Amino acid sequence: MMFLDRQKQSKNPKYILVHCTHGHNRTGFMIIHYLMRTHVSCVAEAISIFAQRRPPGIYKRDYIEALYSFYHEVPDNMMIACPPTPEWKRPDDLDLNGEAKQDDDDDNGDPGPLHNESEDKVITNDDVLGDEVPYDQQEALRVLCYRLLEMPLGRGHAHFPGSHPVSLNSENLQLLRQRYYYATWKADGTRYMMLIMRHGCFLIDRNFSFRRVQMRFPHRSLQGLQDMTLIDGEMIIDTVPDSGLKRRYLAYDLMALGSVSKTRLPFSERWKMLEDEIIQPRNNEKGLERGAKSNPLYKYDMELFSVRRKAFWVLLTVKKVLKVFIPSLCHDADGLIFQGWDDPYVTRTHEGLLKWKYPEMNSVDFLFELTNDNRQLVFLYERGKKKLMDGARISFTDDVDPSSVAGRIVECSWNKEEQCWACMRIRSDKSTPNDINTYRKAGSYILFVVLHLLIYFLLGTLLIMLSKTFTSAILSVMRSITDNITEEKLLEETDEITLLPMYADRMNVRVHTKMAQHRRRLPPQC
């Protein structure tokens, strides 16, 4: 597609010729895929266009059925109309040896793979979703994302621009007192931004890699489809009673709508737009199709995952979220996220976006490597380069061979008993480790550094020349020793914070507004 775009602007354009034995079934199958991703949004229209240009078009039913299935569409009246086999298509064609010819246009092969997951397949967070995107197209999509986020294009490799939270500590905890915050649960899923285009949607992982997924996002008016819209969220897997495992995308932010950046708007407005412009139109269309007498023209249930807006609540509800909501979830959660209600969307590290994790879930993502003599090398990132963490060691369970994860990102928690890092899982969605500043801020880092400080003291080597970086790390860790924010301490803090006038006044306004809206909906009293 990028090649064709370049040829349109060229004075001497080149062309791509697509052909098979007779130029109908397989040729049509490929060209219709191209039309669906560039010009039209309806399979029937694309089939008609090809048939007009190359009569009689696709005449083999398997190819037409595969196209409808791939794009989750249903033909009008559930009937697939296939033109009759052309008269010139003789079944007794012989080759020079007098044997029947193999006809690519009429074989018994599969027209092409479909990307729908079978119902009995075991699904995991590490599954690779969607179809690969060509390099040139991926580069163009990266540029588009930067433009939608109003980010300058730098030189070299483009990095994932999504907003990242920082760990909650006693210092940034004060932000909850200074700004108005909402809270949500921290799902243990896989982070994806999603770029919604008219002719397809793209999941964007932490490596800033794109994969195309067949999804439908109708416009709010239900006339046409969303285009050049960018949202943020996470993929989770729910264990649903009587239904098994269900993949769901929890959308929690909207950064661009219809090619217009929304990053400067407060989170409260972006979150509302996410529901009004993205989620509700899908639900409305699904509702209309369920209520219609005829069969739906699009099968939402064939999509790889469902889409929901993630809920956020006022700080007053934090206790209920921790004690009631999280235990009732159908997927794992490892803490809370605190989102500034009035904050713009901040790309990359956002010092005002806070995450709190259960102490036993505090973790660091390392790059793990092994030398030829099986010596462990554990790396973090510092200023974009690998930094070896001297003395760090990772323990693995008996069913994991360390050599099998060499060169990969390993998420670890601190093991008090063994005084080392314990592998929690392999991060298939990441290609780079945490920055060293993340490591220093992690609560689990305290035990590791204190242990090594004691060793240094005992060996009398603490006075060996220390770099400014290491000195800074020590000071940071010593300050972190008092930052053990337990669940009880967090609840005490939030209870106290919600009594502040900034919270109390805004929550009172919110309650009065909801009551007024409720009264307006009540029928008149006789």
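Note: Cβ is positioned from N, Cα and C throughout, glycine not excepted.
The GTP site recorded in TrEMBL includes Arg206, Asp232, Gly233, Glu234, Lys355, Trp356, Lys357, Arg425, Ile426, Arg427, Ser428, Asp429, Lys430, and the single candidate from Arg191, Arg247, Arg248, Arg375 that the record places there is Arg191.
Its Cβ taken as reference, Lys186 (active site, N6-GMP-lysine intermediate) is surrounded by 21 other Cβ atoms within 10 Å in the chains shown.
The domain 'Tyrosine specific protein phosphatases' (1-65): residue composition by secondary structure is 37 helix, 0 strand, 28 coil, according to DSSP. Summarising model confidence by region, the domain 'Tyrosine specific protein phosphatases' (1-65) averages a pLDDT of 86.
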